[in-house]
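Feature annotation from TrEMBL assigns transmembrane segment to 629-655, 667-688, 700-721, 741-766, 786-806, 818-840, 860-878. Annotation comment: TrEMBL describes 630-892 as domain 'G-protein coupled receptors family 3 profile'. According to TrEMBL, the feature region 'Disordered' maps to 923-948. Taken from TrEMBL, the feature compositional bias 'Low complexity' applies to 933-942.
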Amino acid sequence: MLYLHITSRLIMKPKQPPLTRHMFSVLALATQILTNVNVAAQVRQIRIPGDILIGGVFPVHSKSLNGDEPCGEIAETRGVHRVEAMLYALDQINSQNDFLRGYKLGALILDSCSNPAYALNQSLDFVRDMIGSSEASDYVCLDGSDPNVKKQSQKKNVAAVVGGSYSSVSVQLANLLRLFRIAQVSPASTNADLSDKNRFEYFARTVPSDDYQAMAMVEIAVRFKWSYVSLVYSADEYGELGADAFKKEARKKGICIALEERIQNKKESFTESVNNLVQKLQPEKNVGATVVVLFVGTEYIPDILRHTAERMKLTAGAKKRIIWLASESWDRNNDKYTAGDNRLAAQGAIVLMLASQKVPSFEEYFMSLHPGTEKFERNKWLRELWQVKYNCVFDALPESKAHRCEDIKQSNEGFNADDKVQFVIDAVYAIAHGLQAMKNAVCPDDAIENHWISRYSKQPEICHAMQNIDGSDFYQNYLLKVSFNDVVGKPFHFSPQGDGPASYTILTYKPKTLSKIRRTAEDEGSQSDYVEIGHWSENNLTIYEEQLWWEADHTPVSVCSMPCKIGFRKQLIKDEQCCWACSKCEDYEYLINETHCVACEQGWWPTKDRKGCFDLSLSQLKYMRWRSMYSLVPTILAVFGIIATLSVIVVYVIYNETPVVKASGRELSYILLISMIMCYCMTFVLLSKPSALICAIKRTGIGFAFSCLYAAMFVKTNRIFRIFSTRTAQRPRFISPISQVVMTSMLAGVQLIGSLIWLFVVPPGWRHHYPTRDQVVLTCNVPDHHFLYSLAYDGGLIVLCTIYAVKTRKVPENFNETKFIGFSMYTTCVVWLSWIFFFFGTGSDFQIQTSSLCISISMSANVALACIFSPKLWIILFEKHKNVRKQEGESMLNKSSRSLGNCSSRLCANSIDEPNQYTALLSDSTRRRSSRKTSQPTSTSSAQDTFL
């Protein structure tokens, strides 16, 4: 009928602008299509009179499962509560006489039956009034004459529309209303596309976009470290767009979707989807997609829960294996969600709810509704609700035994108003404030008197601008700019896209009859099984840990792979971001990201968290420490060696004029003893922290100490060899004590000069040495093998000493000092050959190297001290009778004469003229007699008189 009416009006060639004619054409086409929709005989709407009408579209009934009927069961919370919330808001506004200066707001409220097609057909009533209010002057007949139009009562235009609730309904409604520039404010639709002003330029809402909801859900997953989740969404605009928004935000936070299930309202679809979800749980492992994100319409959730309980065979007390993370479509006031086994499946669900507060005045208003009152009767859907809810009948005969609805009054027990009541009231107030601002701008002096005489004496009229509201002007300049404190005292305003403030309350379902886990006294006193566990607003997430249904250290796991331990990197499996195997990094590598290890620079080492490197030289620089065993043992040996050497020096000083001291060659003996002290002192140099001075002493001191020691030994053995190898009567050159000292100084000077040249060429200093990747050793700035090169000269002296010791091994017993020098050389060679192999065999441990070098140096001095000086000390201290001059030395002389046959008469005579280290034990008379006897050359008396 509407289609015929519009076309008949269009045939009359209306004087309309092209845009208006186009709008009517589209409307006519839409009406023709909608004639195929099966509509109930009775139009489901209510009309409240007023000066300015506000439309309303609410899901008073659910969607019918029967294709022959458009509407199903009546919905108390999402339907009737929201209708009454709108009526309550209108009553509050109309009761304020100064709000619109006497204008009364009326309403035309329609039932969408949760069906987009049916809602679109119903919404045509909004534009019928607009078309029907056209005047005859707007049209002309074909012959040019004025049309004959019967006088009609004035019809009022709809200024704005509150609704719809479901996003799919709001999209259809917005597409229709935009053709007629009618503003629309939804109290529940969260579809992100509705923020697109290019498509929905007259749409606003008091709730935020699903984009914010998706952000909140992702942040909850991040908070509990759920990186691998499943996603279930309904095959409608709400589900698909919500799922897209969640996937977009999840990718930003590194959350992977294990499984996506797009479900329809069919049994087969539910069964298949639930089976797929259970398979993804991986019950044989500790990982899997335990968390399931729900973006589905309200009517889908009870069936999902029922199929899940059946498929998983849930029982009370069983381990929770699926955790629902549901959008605000989860209706906590819907008893079907928790009926029967659904309660087992729903237990522990985390639900987002738009942050709304209870409106006590509305609840009081709703509780006051009962049959027979004016406010009850104006809403004819209340009669249907009473009949269904209380199983009663209206207008029953007195003799009837049926339960009379007129006798029933509501009880506060168990009453929970719909969560969107606040947003419905906000939507009505936003429109009213926009109308108030527009009226003050376009009709500042217009008013309707409230006195009954002036109001009813004639039909009141409102100004023309308010009677024919320009929707574009009203939406852009007034509606979007409103700002007020809402019914609960919170400030309200629209965003530039027409969205409401983004704020969500986070709930969890903890049924009292199933579990007492972590229920507080406050929870026990609460009537609801839903417990608030936190809230979210504009990227600010707050979680109340004590209200969670799990223990703090038993957070449910929803991951594909467990996190790798510190020092392990991820090897992604088939480029899957959330599934990986763990591979160990090298000890010296750190992680530049979760999948790549990089080696630290030399001298650097990974931090404990393996996210970077630190400089080892700043915190773990290694050098010899005095308190370590590697330092204590060489130090003790060196100290004892120094004490022993000083003791020998003291003894020699005390017995400096005794025959044994003189016979041992005092000058070279003191050089040997001082050289030994120098060797012992090198231990303290090697154990000190390297510096330029320490390194200089190390490079010169060790070689010089050894050169003094072994040069003196070499001079001794060489002199004895030259004495006993001479075949002529000529005395060998350079055998005097001064000559020996000069020769020793010259030999040691070669080493000292070479070391000084080395210091000039390579100045002393320190450097960092890296024997291994995890060690930084502070050492001198020359390599160890260069240090060994500097000891090559000393090694040559040792070899020469050893050679001459071998050559003089058969000298007479009184010259047995060479045997001790030889033994000292043999032992020294063994010590140093062992040390060389030991040194290079422990190249990674500088402490062992340094300690062994110190011990080897001390052992070299110990061997020389023990072999050369211990026989003399024994005579000096314990055989003193041998350390005196003899009065008669013939027996000794005869013994010496028999044993020596190679001493020339000149050598012997010259050597006995004055006492020396070889004749110190003889008396003066003996020396004179020996001198006279040497004037008679014989083979048996040509040698020196007596030798030790």
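Each residue's number is its place along the chain shown, starting with 1.
Every residue, even glycine, has its Cβ placed from backbone N, Cα and C.
From a predicted model like this one, the values you see are computed outputs, not experimental measurements.
Regional average pLDDT for the domain 'G-protein coupled receptors family 3 profile' (630-892) in the model is 82. Proximity of distant same-chain residues to the transmembrane segment (860-878), defined by a Cβ-Cβ separation under 8 Å and at least 6 residues beyond the stretch ends, is recorded for 637, 641, 644-645, 648, 651, 655, 658, 660-661, 664, 669, 672-673, 675-676, 679-680, 706, 709, 713, 817, 820-821, 823-824, 827-828, 831-832. In this chain, the transmembrane segment (741-766) lies in contact with the transmembrane segment (667-688); the count of Cβ pairs under 8 Å, excluding pairs fewer than 6 apart in sequence, is at least 3. If you look at the transmembrane segment (786-806), the same-chain residues 6 or more away from its ends with a CB under 8 A from one of its CBs are 698-699, 702-703, 706-707, 710-711, 713-714, 717-718, 720-721, 747, 750-751, 754-755, 758, 818-819, 821-823, 825-826, 828-829, 832, 836. The list of residues near the transmembrane segment (818-840) in space but at least 6 beyond its ends in sequence, with Cβ under 8 angstroms from a Cβ of it, reads 713, 716-717, 720, 784, 788, 795, 798, 801-802, 804-806, 808-809, 811, 849, 852-853, 856, 859-860, 863-864, 867-868, 871. Within the same chain, residues 665, 668, 671-672, 674-676, 678-679, 681-682, 685, 732, 735, 740, 743-744, 747-748, 750-752, 754-756, 759, 790-791, 793-794, 797-798, 800-801, 804-805, 807-808, 811, 815, 817-818, 821-822, 824-825, 857, 860-861, 864, 868 sit at least 6 positions outside the transmembrane segment (700-721) and bring their C-beta atoms closer than 8 Å to a C-beta of that stretch.
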